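Database features, via TrEMBL:
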{"type": "DOMAIN", "residues": "1-126", "note": "domain 'CMP/dCMP-type deaminase'"}
{"type": "BINDING", "residues": "Asn42, Val43, Glu44, Asn45, Ser46, Ser47, Tyr48", "note": "substrate binding site"}
{"type": "BINDING", "residues": "Cys53, Cys85, Cys88", "note": "Zn(2+) binding site"}
{"type": "ACT_SITE", "residues": "Glu55", "note": "active site, proton donor"}
Amino acid sequence: MEYKELFKMADQVKENAYVPFSKFQVGAALLTKDGQVYTGVNVENSSYGGTICAERTAFVKAISEGKRQFSAIAIASSGGEALPCGICRQFMYEFCPELDVITGKDENSLRVQPLNVLLPEGFRLEKE
Ligand code: THU
């Protein structure tokens with residue numbers, strides 16, 4: 001799948017974001033190595049710390065469906081280019097340090113950066 005298409009999916013799904021507090025809609029579209037796409041949005045909570053970002057929503061959906069291998073994630077927001085927060089960077093690093101992270105204000109101005117550039121020397125426990 002083309003990264004432009006993946007970004008468009010993120011941009012469309014952001015309309016489903018539950019954002020009564022920040023009003024900042026974020027959509028993510030996560031591409032698995034076997035070519036499937038899992039989308040996600042940010043879901044806020046009255047107890048602010050309970051908020052989950054769009055990127056982690058997409059990952060949690062994919063992982064709970066048995067997916068473990070990912071090639072790219074596109075992120076779109078209602079407020080221009082949005083880069084993943086620190087928690088999301090670490091969360092995604094667990095599964096795929098080489099993930100392509102696609103961001104931009106629209107599909108004609110995309111940036112693609114590997115996750116391990118956005119998060120150098122991320123933390124990982126040794127895998128058994
Ligand atoms: N947010 C995301 O969903 N992804 C990001 O990468 C940055 C922040 C959300 C969390 C919160 O609902 C809103 O954007 C404002 O921080």
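For all residues, glycine too, the Cβ spot is worked out from N, Cα and C.
Keep in mind that TrEMBL annotations are predicted by a computer and have not been checked by a curator.
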*Nearest to Cys88 (Zn(2+) binding site) by Cα, among Asn42, Ser46, Ser47, Tyr48 (binding-site residues)?*
Asn42
_Just to confirm: which same-chain residues, 6+ apart in sequence, have a Cβ under 8 Å from the Cβ of Glu44 (substrate binding site)?_
Tyr18, Val19, Pro20, Phe21, Ser22, Thr51
*Identify which of the binding-site residues Asn42, Asn45, Ser46, Ser47 has its Cβ surrounded by the largest number of other Cβ atoms within 10 Å, counting every protein chain shown.*
Asn42
*asked:* Using other CB atoms within 10 angstroms as the count, which residue among the binding-site residues Tyr48, Cys88 scores least?
replied: Tyr48
_So if I take the binding-site residues (Val43, Asn45, Ser46, Ser47, Tyr48) and measure from each Cβ to the nearest atom of ligand 1, which come out below 6 Å?_
none
*Going by Cα-Cα distance, pick out whichever of the binding-site residues Asn42, Asn45, Ser46, Ser47 is nearest to Cys53 (Zn(2+) binding site).*
Asn42
*Out of Val43, Cys53, which of the binding-site residues is least crowded by other Cβ atoms within 10 Å?*
Val43
_So if I draw a 10 Å sphere around the Cβ of the residue listed as 'active site, proton donor', how many other Cβ atoms end up inside it?_
27
*Near the Cβ of Cys85 (Zn(2+) binding site), how many other Cβ atoms are there if near means within 10 Å?*
13
*What is the interatomic distance between the Cα atoms of Cys85 (Zn(2+) binding site) and Glu55 (active site, proton donor), given in whole Å?*
9
*Hey, how far is Asn42 (substrate binding site) from the residue listed as 'active site, proton donor', Cα to Cα, in Å?*
8
